[in-house]
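Participant: For reference, the structure I am asking about is given below.
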Amino acid sequence: MENFALQSVSTTTSFSLHSPTSRLSLLHRSKPISQSLSFPSSLHFSRSTSLLQSTPPIPQSPFLSSRLSLFNPLFNPKLRQPFPMRTSASQSPDNQPVPPSPPPRQGAKPIPFLISIAIGLIVRFAVPKPVEVSAEAWQLLSIFLSTIAGLVLSPLPVGAWAFLGLTVTVVTKTLTFAAAFNAFTSEVIWLIVISFFFARGFVKTGLGDRIATYFVKWMGKSTLGLSYGLTISEALIAPAMPSTTARAGGVFLPIIKSLSLAADSKPNHPSSRKIGAYLIQSQFQCAGNSSALFLTAAAQNLLCLKLAEELGVQISSPWLTWAKFACAPAIIGILVTPAILYKLFPPETKDTPEAPAMAARKLEAMGPVTKNEWIMVGTMLIAVSLWIAGEALKIPSVVAAMIGLSILLTLGVLNWDDCLSEKSAWDTLAWFAVLVGMAGQLTSLGLVGWMSNCVAGLLKSLSLSWPAAFAILQASYFFVHYLFASQTGHVGALYSAFLAMHLAAKVPGVLAALALAYNTNLFGALTHYSSGQAAVYYGAGYVELPDVFKIGFVMALINGFIWTVVGCIWWKILGLY
């Protein structure tokens, strides 16, 4: 989903291995553990309270505008202790001075900036305006295209570039101030913001880590079983932890790293293929189906339904409707993906008999479920129940989320500093609102309607039936994501236009809206830059870049087949078309 960074997730878990007798330290838990615990050879667990301190940045694509940092549990086998962290940028491990790194570039990157601006200027002044389109709509389109180009090329951070685009719409009097900022009051956008706070609660309390560790204990006797345990646990956590990036970096990657190191599978090393590369690929490819299973499993899902509503596609009882139509293809996708990758990208180590014992010891070290974890469980049960029954109770989804957040703040599971430091939430508020606002104004000004009529005329001239048009448009929407480094940016740029094309081709509205939304989750595993979780998993160092592209493309075809065959049969049974 996301191209935002994990810098806002402040608590994660990692396992440290290779210590014959170790003391376990759990920080930021509501019940401290004071006693020392002895572990057998090659086993030590530790909890890190920061994803940012003393950790190298993740290598990532230039398309990604955000920096991601992850806890790196590497150990020196000779010293039998963690590698010492460098305390100064000017000192090397052997105390020899090293040249200071150059300061980061300030301001916009010149070439991406000029290209992004040029695209808008060409559309505005060089491309003839169609007579059916108003001058105001055409000018807004040029600004919108420049904004989208900037999201892809990243001349500035996403939020900053979106703010520049918003400023231009007001300065040029394309939009009034009230119209430009209208989307900042959108219920859907605030629901997305609050979802980030819920994700922080899962990580801070350690509840997500505990749930995943239980599945490792129950299913971890083989590498394939480990994969199923991790993917099933993510599917269960997803509806209450609506950030794929937070799930990846805050819960599952630390566990996968620890299990891999226990099996002597190291990142950026030939041994990565023992189990690490397979577990990373399996978790990464299954995440799309987990996010597509529930409306609240990913932020972009909520945005899709908001944009569909603006085009007149109303979905009653959205949480239940989404899950009802997604359950069959998504669950089948989750169940078959680890097995398919076990054949396509097999691990060298097939059996992991030590993993359940490791998980059991970790759970013992974590102690009983803490008060804050129970509060987190109860709060999310309340929120999910209100999301399901909200329409009958006349409680909007955002109000249900506000109630949940208020409980967490009142009972001290989260504090206001946690919310203020959740930079991804506030950044998302800024640039989501700009994109949604511009897209909504383009619809209001008639531009989207004009584009859909043009497409309808083209499809009519080709004598395509609506099922054929549906297949072509869905495939085009999916594979154009190779040009995007953000699922939500893709939605803001193209969802409305593609949905309008579907409607013009006489595709049933709810079918078109939901299929595009489900696709938005599935293409998050195409490349190493296609989503926030993609950068997290690739940055772990277990998977080579050619393998990311190869497996991403193959699994895209397999997921497309599953959702086309199973999905269309299931949707026909349910009367969706």
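A Cβ is built for glycine as well, from the same backbone N, Cα and C atoms used for every other residue.
Feature list, courtesy of TrEMBL:
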type	residues	note
REGION	82-105	region 'Disordered'
COMPBIAS	96-105	compositional bias 'Pro residues'
TRANSMEM	110-127	transmembrane segment
TRANSMEM	139-163	transmembrane segment
TRANSMEM	175-199	transmembrane segment
TRANSMEM	372-389	transmembrane segment
TRANSMEM	395-416	transmembrane segment
TRANSMEM	428-452	transmembrane segment
TRANSMEM	464-485	transmembrane segment
TRANSMEM	497-518	transmembrane segment
TRANSMEM	551-571	transmembrane segment
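Walk me through where these features lie, including what they touch and how far apart they are.
Facilitator: Residues 138-139, 141-143, 145-146, 149-150, 153-156, 161 of the same chain sit 6 or more residues outside the transmembrane segment (110-127) yet have a Cβ under 8 Å from a Cβ within it.
Sequence-distant contacts of the transmembrane segment (175-199) (same chain, at least 6 residues past either end, Cβ-Cβ under 8 Å): 8-9, 140, 166, 169, 240-243, 246-247, 250, 296, 299, 302-303, 305-306, 380, 383, 396-398, 401-402, 404-405, 408, 414, 418-419, 422, 424-426, 428-429, 432-434, 436-437, 440-441.
Away from its own ends, the transmembrane segment (395-416) comes close to residues 187-188, 190-191, 194-195, 197-198, 200-201, 204-205, 296, 302, 318-319, 372, 375-376, 379-380, 382-383, 386-387, 389 of its chain (Cβ-Cβ under 8 Å, at least six residues beyond either end).
Sequence-distant contacts of the transmembrane segment (428-452) (same chain, at least 6 residues past either end, Cβ-Cβ under 8 Å): 2, 4, 130, 132-134, 136-138, 140-141, 143-144, 147, 151, 158-159, 161-163, 165-166, 169, 175, 179-184, 186, 188-190, 192-193, 196, 299, 303, 306-307, 310-311, 488-489, 492-493, 496-497, 500-501, 503-504.
When Cβ-Cβ distances below 8 Å are used as the criterion, the transmembrane segment (464-485) is approached by residues 3, 61, 63-65, 151-152, 154, 493-494, 498, 501-502, 505-507, 511-512, 515-516, 519, 522-523, 526-527, 529-530, 556, 560, 564 of the same chain, each at least six residues removed from its ends.
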